[in-house]
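See structure below.
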Amino acid sequence: MAKEIKKIAVLTSGGDAPGMNAAIRGVVRAALNEGLEIFGVQDGYYGLYHDKVIPLDRRSVSEIINRGGTFLGSARFPQFKDIEVRKQAVKILAKYEIDALVVIGGDGSYMGAKLLTEEFGYPCIGLPGTIDNDIVGTDYTIGYQTALQTAVEAIDRLRDTSTSHQRISIVEIMGRHCGDLTISAALAGGCEYIIVPEKGLDKESLIHSIADNFRKGKRHAIIAITELMTDVHQLARELEEKFGHETRATVLGHIQRGGSPCPFDRILASRMGVYAVDLLRQGFGGRCVGIQNEHLVHHDIIDAINNMRRPFKQDIFEAASKLA
């Protein structure tokens, strides 16, 4: 029989994402409504290792649902890969008699929760908090929709100036090795060309396509590309030399992570926060939460990381390509 849960801690780890505060708020208030004690860990796994644990109450999470970032703070802490570091983290949790941990973050954060579950049998629930939308077991991650809105707004503005100056604009969008954000932003922003990790970069094909469109009377172009695929400034120089059109690269960068979360992310994060507490109350641990076909679901976090694969959004890519 699972141990009764009386105290829960929550942390945010890795890159911040709009909606993390809403998720923290959901966990905190749901826990308090169940009569549980709730703690916050500042600065992610780094803070857990360094005993940065604070008690939380309802007022701790007042007026944060609309705020971007994470009021608990976040940090990347690669040292957590060391089992001795994880042992110390478990000792800190035991010091406060914390029975379970809710981790909000991306795949690196999930890996930390997986190891705590796998090695120590410690009850962890993972909530997908990343703008990259690259987490298995969920259609959407917390922060993705807000980042998409930010990217589309940037593309809209670039289209105005690109059209006016007959310019080629290259827009680098976050996502690491996942093209979801780029594909959706390209479709919503009407980009002429889409380059994502799942399909690769074929410069010759890109040049041929741009040349063909210019011959047909096209006077400008917007290229959406996922980060880390190439040096976009070098690509801009190559295209300008090839076509004689002014070509500029814009790296959206961390602006995509900031800003007030959109309603979708606030709702998703709040629902997931409540759901995480419900799962712990039901005796579940070692799970990761997702939303699939509009329904909240949970998966074994070890199985999810080891065996599940994130499907490529082929239908959206094809639609964006056909409409380019």
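Backbone N, Cα and C define each Cβ position, glycine as well.
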Can you tell which of E118, E153, E192, E227 Swiss-Prot lists as binding substrate with T130, I131, D132, R167, M174, G175, R176, R248, H254, I255, Q256, R257?
-> E227
Can you match one of R157, R159 to the ADP site that Swiss-Prot gives for R25, G26, V27, V28, R29, G190, C191, E192, K216, K218, R219, H220?
-> R159
Note: Swiss-Prot has R76, F77, G106, D107, G108, S109 binding ATP, and from G15, G19, G35, G179 that site also includes G15
Out of G15, G106, S109, point to the one nearest H220 (ADP binding site) in space (Cα versus Cα); all of them are binding-site residues in the record.
-> G15
For R257 (substrate binding site), list the number of other Cβ atoms lying within 10 Å of its Cβ atom.
-> 20
Work through the binding-site residues one by one (R25, V27, R176, K218) and name whichever has its CA nearest to the CA of G15 (ATP binding site).
-> R176
Among the binding-site residues listed as R29, T130, G190, R248, I255, the Cα nearest the Cα of R76 (ATP binding site) belongs to T130
Take the C-alpha atoms of D107 (ATP binding site) and T130 (substrate binding site) and report the distance between them in angstrom, rounded.
-> 9
